[in-house]
Each structure stands twice: as structure tokens, then as C-alpha cells.
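**Q** So TrEMBL says this about it:
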ACT_SITE  148  active site, proton donor/acceptor
BINDING   7, 385  Mg(2+) binding site
BINDING   14, 208, 209, 210, 211, 212, 283, 284, 285, 331, 332, 333, 334, 335  ATP binding site
BINDING   91  substrate binding site
REGION    398-418  region 'Disordered'
SITE      180  site 'Transition state stabilizer'
SITE      241  site 'Transition state stabilizer'
Ligand code: ADP
């Protein structure tokens, strides 16, 4: 079975095509600048050089059509015909309290994704546009929605509620939802597998630290707490996002700098974090380099980033009353030996002991970087959210086609419980 994974944003769309018999990627690519004359399709077949094509692409439906055409192109393609796309999995950022797992998309699911626009105005509209665009091009192919928030739906009220009046939760859904769920789930399952231990008997902390960053406390395989909140702004310091701040700073900044709500929102999301503290660098590689050359602002940015991450790890170990496995993933987590070393060297009180050589060597692939006598296993596990989405789409599409087969081959599949 071939699964097409789509991650659609407001003006871009990324795709990966998987052959699920061996879980291999046949091709991947993206369409950028949708809605402009100079939209660009980048297509990378697994066994041939990358191809780039600039053309007018005014909407997502046309973008998907372009992607499908290139996938079946006699020269650049990897499929004989569009019928070889057997199901499509979509990354959807916000599933609210409705979705605690992946679901086959039907009218009810689409309506619900639309209802959640309020909670993820920057993300959910793009995902729905992608779903409708696939529907327009491949009307008979099953589509599955995989939510960033779903894995964290196991959080208890003690972690997900904010200490503000009930009306905000009851009427407006103001609570912690958490994000990067697909990644936290993937790396936690993989770490358990690689350690040969049962996930349902582990106290694990997973650190997904890339441009966006979040930590999760995973107790017995279930998300107990996570640092991102109602939106992906809360928690760790990130590339351009502030992470945790005193909420009173918002009205204060509005008053002192005469800013509108929208301007404060943009300041906290796009002009804060590493970027703000370092004085214009949002990329961790640049910061590490500048700090090593004596740039004090870059050094402070790195130190704050590390300190805040370490505080969360300490807090989540306390939340679980212990820790046996710590996992690093995403751009910074997978690639920065310096960040991992700085964090782990200051967690010796919890029994963390790094194997310096293992931390410095190995690139790519899963690797254990703790010493043999460390009380906490420390792992670097490259995340693979697309594979996780493909697996869920494969499972949900197979399950519902079996249902259809058993019930009545001509009937529409029943919509799964939300
Ligand atoms: P996104 O959240 O956009 O998916 P990624 O997971 O790709 O982000 O992570 C991007 C971040 O990873 C950037 O800040 C980049 O500097 C950082 N990064 C990548 N390679 C390295 C490296 N070798 N050392 C330090 N940071 C790195």
C-alpha cells in the first residue's frame, strides 16, 4: 500500500510518498509560495536527482494536482498511475479535545477541524485546505487526519488546566493541549524498543528541540504533561518564540510601547526567543559559533535556552517521581552534542551520566549516549513524524476498508468515533 503524507500550511505544502510494505520513502518534496506567480515545486524521487519547477500556482488544489502529476510523470515519477496512491495522511495541528487519535476523514471530521480554527488560526485552515484539495483531485481515496495534539489527550486536569476562571475552559476551551505529539510518541516508542524495555513501565522525558521546541513527561507510555500549552507559544525558549513569560508583560508592553494585541502576539511569536536575546540570530548553529567567538549575547541566548530546558527536565522528573529515560530529538536535539552535554552534565544529581565519546561521535540514526553505569538512559532518536502519519493513515485506511467490506461494499464507511 502506498501512502501519501501531506503537511499543508497556508502558502506551502510538503509531501512524502511511502511504500508501506517496507516503510520506504519513494519520493518527497514541497510546493512553496502557493498563491503567487513564482510558486516553486521541489520534487525528490528516492533514486534520482532533485527537480525544481517554478510556475503560477494559485491554490492548494492546483498544488496537489501538480504533486500528483509529478508522482506519475513517466520520467520524474515513481508511480504508474494515480490509482497507486492508496490513502492520504494529513498532519493537522489542532484536534482540540475532540480527537485523541487519528481518524478517517469524513464530513463530521472536516466540520470539527473547521470549528477548531479559533484555537489554531495559523495552522488548521491550511490543513483543511489541503484535505479539500486532495478530495478534489482524488475523490475516492481514503484520507486520514493525524493530530499534533492527540497524543497529549491523556494529560490529567492537574496538568492541562490553567488556574484562571472556569468560564475560559468551559466556554472557550482554554487549557493546555500540547503539540509535537506525533514526534513525542514516535521517539518514546522507539526509545523503549531500542532499550528492550516495556514502554508501559517507563518514566521517560522526551525533548523535541528544533525551531519549535517542547518537552514531554511520558509516564508508562502516556503523556502526563508537556511544555507547550493552549498554543505552541508556551514552555521552552525557541528560535523566535518567547516560551514562558509573566502574562502581565502583555498588558505592560501594550501600554508602554503603544502596541496592539496583534503586535504583541507577533512580538512573542516571531521576534523573541533565541532571536531576541542573541540580537538577531534564530538559528542554533549560528549562536553556538558566535558564542564560541566571544559574542556575549549569543552566549546568554545559549545559556538561557539550556537552563530553561534543564529546569523542565527537573520539573518533569519530579512530576513522575523519577526518570529512567531521557530522549533528545529534532534539529538541535539530534545535532548539538554541546547542548546535550551541557544539559546532562548538570543533571548528575538525578543519576544522569553521559558517555562523552558516544555523545560526540555518531551522526544520524538512534544512539544511546549515556554511560553504562548511568541510572538514566539517554538517547538521541531522530524523529520521523511523516512515517508516524503514514503508519496511522495505513492503519485507519485499512481498518475502514475492512469495515466497508464486511458491511456492504457499496456503502460509505461509517465515520469512526471522534
Ligand atoms: P523545525 O521546528 O523547523 O522542524 P528543526 O527540527 O529542523 O526545526 O530544527 C531546526 C534547528 O536545529 C535550528 O535552530 C538549527 O540551527 C538547529 N540545528 C541543526 N543542526 C544543528 C547543529 N549541528 N548544531 C546545532 N543546532 C543545529
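From the backbone N, Cα and C atoms, a Cβ is placed for every residue, glycine too.
Bear in mind that the values here come from a model prediction, so they are computed numbers and not experimental data.
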**Q** I'd like to know which of the recorded positions listed (7, 180, 241, 283, 332, 334) lie near ligand 1, counting only a CB under 6 Å away.
**A** 283, 332
**Q** Could you give the maximum C-alpha to C-alpha distance in Å for the residues 14, 208, 209, 210, 211, 212, 283, 284, 285, 331, 332, 333, 334, 335 that bind ATP per the record?
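**A** Roughly 24 Å, rounded to the nearest whole number.
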**Q** How would DSSP class residue 209 (ATP binding site) in three states?
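**A** It is in a strand.
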**Q** Between residue 209 (ATP binding site) and residue 180 (site 'Transition state stabilizer'), how many Å separate their Cα atoms?
**A** 10
**Q** Who sits close to residue 332 (ATP binding site): which same-chain residues at least 6 apart have their Cβ under 8 Å from its Cβ?
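**A** 209, 210, 213, 284, 339 - these are the non-local Cβ neighbours of residue 332 (ATP binding site), listed in sequence order.
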**Q** At the Cα level, what's the spacing in Å between residue 14 (ATP binding site) and residue 7 (Mg(2+) binding site), rounded?
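**A** Cα of residue 14 (ATP binding site) to Cα of residue 7 (Mg(2+) binding site) measures 5 Å after rounding.
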**Q** Among the recorded positions listed here, 148, 283, 385, which has the most company in the form of other Cβ atoms within 10 Å of its Cβ?
**A** 148
**Q** What recorded positions in the list 91, 148, 285 lie within 10 angstroms of residue 7 (Mg(2+) binding site), counting C-alpha atoms?
**A** 91
**Q** Name the residue among the recorded positions 91, 180, 285 whose Cβ has the smallest number of other Cβ atoms within 10 Å.
**A** 285
**Q** Indicate the candidate from 7, 211 with the smallest number of other Cβ atoms within 10 Å of its Cβ, considering only these binding-site residues.
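**A** Checked 7, 211; of these binding-site residues, fewest Cβ neighbours within 10 Å: 211.
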**Q** Among 91, 148, 180, 241, 385, these being the recorded positions, pick the one whose CA is nearest to that of residue 285 (ATP binding site).
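**A** Nearest in space to residue 285 (ATP binding site), counting only the recorded positions, is 241.
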